[in-house]
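The structure under discussion appears below in the form of structure tokens.
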Amino acid sequence: MHHASDILLTLFIIFVAAQIGSEIAQRLKMPGVVGEIAAGCIIGPSLLGWITLDQIAPGEPLDALAEIGVVLLLFSVGLETRLEDLKKVGKSAFLVGVLGVIIPFAAGVLWAHGSGFAWVKSMFVAAAFVATSAGITARVLQELGVLRRTESRVILGAAVIDDILAMLLLGVVSSLQGGGEINVQSLLFTLLGAVGFLAIFGWAGTQMARRRSYWLDKPINSHSPLTIVLALCLGLAFLSTKFGLAAIIGAFLAGMIASETKQREILEKRTEPLLALLTPFFFVVTGAKVNLTELASWDAVWMLLVVTVIAILSKLLGGFLGSLALGKRGALIVGFGMVPRGEVGVVIAALGLAAGVFSERVYAVIVAMSLLTAVVTPPVLSMLLKRSDKEPSPPATTEGDAATSSQDHV
């Protein structure tokens, strides 16, 4: 019972800290997610120590709860995203996803090699620059109520492509770091598996839900629709990890499938209490994972600033160039929407540390960079979207229309 009471106390501390941080951030005209991440830094191991490193280690209850929180967040985002909407911005999403991987990776390699790393180790370090944190951007877009905007659809579509390419890139650099050859067959299998998974559940799943959703339209009781789609969410989140993708991609697809049913609005309302309870844990735990003690020197701070600037500018450039069809303002919104790094970058950094690719300090810098991009981006993205909202434009029916309507704001 003592162990259970300790867990409950920790959950209480995290939840209250998240609410206080979110409230303060919103009073300062910033998205609540910024306050939640900052709260994690304050109550984490580096400062107050109310959360220990052991408690947030991979596989521990808190880490699992945080994962469930971001899975549900992306499921709710999927509920507000329809396949037809993503298809309309397919070209821009693809370009943003590809350029958003190539440019940050190249910039990361050049910086790491210039800092004294061998080429292969530089590639491993650069891999941590690549993956966008869909959870952080999605939360900001959701808070602002702009998930149905063209720019938001481009960001979400690009995040899926970004995740596939990031996983493939990690496979390549891991093979090289191990001294082996690149297993082309294995990488091809991973790519085909990921594409197949997206095709089956992204396209076929939504088509089936649109035409045969009687399993939701005629529920056994009032809770049946929610329990069914939550089971679908957890099931696809699990399956996506088996296909080499992040769990949040499967959850996002589950939400898209559910969005094609007549119960869509009811499901959105009924998932809100779950989101309010669980998503703060993800952002607080993200903040708590930063080891600030490794940054207690001017050299480390300078390295962090340089790495963060490179990470922001490279992603911003990739997103901007890939979405110019939306106009300059729309492309700027997409660019900043792709900037936040998060859980994937932290995972890659942890793998690099375990493999002896870099030191504790470089690891701390990469994790702190992920946090800084997550903290800096939401206020900027919020400002850009609010300015754009002063001259609202109707939803675009094609990418050409999107470009026209977005350019009207420039």
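Glycine too: its Cβ is placed from the backbone N, Cα and C atoms.
Taken from TrEMBL as is:
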- 6-25: transmembrane segment (TRANSMEM)
- 20-386: domain 'Cation/H+ exchanger transmembrane' (DOMAIN)
- 32-52: transmembrane segment (TRANSMEM)
- 64-81: transmembrane segment (TRANSMEM)
- 93-112: transmembrane segment (TRANSMEM)
- 118-141: transmembrane segment (TRANSMEM)
- 153-174: transmembrane segment (TRANSMEM)
- 186-205: transmembrane segment (TRANSMEM)
- 226-254: transmembrane segment (TRANSMEM)
- 304-326: transmembrane segment (TRANSMEM)
- 332-355: transmembrane segment (TRANSMEM)
- 362-385: transmembrane segment (TRANSMEM)
- 387-410: region 'Disordered' (REGION)
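Under the criterion of 3 or more C-beta pairs below 8 Å, with sequence separation of 6 or more, the transmembrane segment (93-112) and the transmembrane segment (304-326) qualify as touching. A contact between the transmembrane segment (362-385) and the transmembrane segment (32-52) is present, since 3 or more of their C-beta pairs, 6 or more residues apart, lie under 8 Å.
Beyond the ends of the transmembrane segment (118-141), by six or more residues, the same chain brings 31, 33, 70, 73-74, 77, 100-101, 104-112, 147, 149, 152, 155-156, 158-159, 162-163, 165-166, 169-170, 172-174, 176-177, 246, 248, 252, 279, 282-283, 310-311, 314-315, 337-345, 348-349, 352, 355, 357-358, 362, 366, 370, 374, 377-378, 381-382, 385 to within a C-beta distance below 8 angstroms of the stretch.
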